[in-house]
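Trainee: Questions regarding the structure given below will be posed in turn.
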Amino acid sequence: MLWVLVGAVLPVMLLAAPPPINKLALFPDKSAWCEAKNITQIVGHSGCEAKSIQNRACLGQCFSYSVPNTFPQSTESLVHCDSCMPAQSMWEIVTLECPGHEEVPRVDKLVEKIVHCSCQACGKEPSHEGLNVYVQGEDSPGSQPGPHSHAHPHPGGQTPEPEEPPGAPQVEEEGAED
């Protein structure tokens, strides 16, 4: 039984990302830093009026390094990469008005709102756990359902456009500015 437990847990421990590095021996006077900076983000969608919202962006300097390899390889490759990225975020629905579109007079966009940033392993996938807990409507919390894709009429004739799931690239975004 113990071997089964060790056999199941050991691979997970080996694949876990290493902890972020705050100092390097080669540069003892330098420290990694990462923080959330306030920005104004422009949320847009084709055929709709863009909306400015207050958000945060992650900005910082985290350590990465790569030590030259040898062939044949005698030890593991020494490569490490940390990046300044969201450590805590929530999702908010931003409703865009689409004048002249009677079938779809408004579009709901799901926008990630960054709360806190930190240096994390570069390959780490962002976590979307608790998405339903953190989704809040722009006008009044709980009064609007989130974007979803199925065909049925909505109150006021509103039919949300199908959205990509969180984490999918948002090609329609017009970007962020300071």
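Note that Cβ sites are derived from N, Cα and C of the backbone, with glycine treated the same way.
Sharing the record's features from Swiss-Prot:
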type     : residues     : note
DISULFID : Cys34-Cys84  : disulfide bond
DOMAIN   : 34-123       : domain 'CTCK'
DISULFID : Cys48-Cys98  : disulfide bond
DISULFID : Cys58-Cys117 : disulfide bond
DISULFID : Cys62-Cys119 : disulfide bond
DISULFID : Cys81-Cys122 : disulfide bond
REGION   : 132-178      : region 'Disordered'
COMPBIAS : 140-160      : compositional bias 'Low complexity'
Trainee: Just checking, which of Cys98, Cys117, Cys119, Cys122 (disulfide-bonded residues) has the fewest C-beta atoms within 10 Å of its C-beta?
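Mentor: Sparsest of the disulfide-bonded residues Cys98, Cys117, Cys119, Cys122 by Cβ contacts within 10 Å: Cys122.
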Trainee: Please list residues from the chain of Cys81 (disulfide bond) whose Cβ is under 8 angstroms from its Cβ, counting only those at least six apart in sequence.
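Mentor: Result: Ser64, Ala121, Cys122, Gly123.
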Trainee: According to DSSP, which of helix, strand or coil covers Cys98 (disulfide bond)?
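Mentor: DSSP assigns Cys98 (disulfide bond) to coil.
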Trainee: Take the C-alpha atoms of Cys48 (disulfide bond) and Cys119 (disulfide bond) and report the distance between them in angstrom, rounded.
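Mentor: Distance (Cα to Cα, whole Å): 36 Å.
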Trainee: To see if you understand the setup: which same-chain residues, six or more apart in sequence, place their Cβ under 8 Å from that of Cys84 (disulfide bond)?
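Mentor: Set apart from Cys84 (disulfide bond) by at least 6 residues yet with Cβ under 8 Å, we have Cys34, Glu35, Cys58, Leu59, Gly60, Gln61, Cys62, Cys117, Ser118, Cys119.
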Trainee: For Cys62 (disulfide bond), which DSSP three-state class applies?
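Mentor: The residue in question, Cys62 (disulfide bond), is coil (DSSP, three-state).
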Trainee: Quick one: DSSP breakdown of the domain 'CTCK' (34-123) into helix, strand and coil?
Mentor: 0 helix, 59 strand, 31 coil
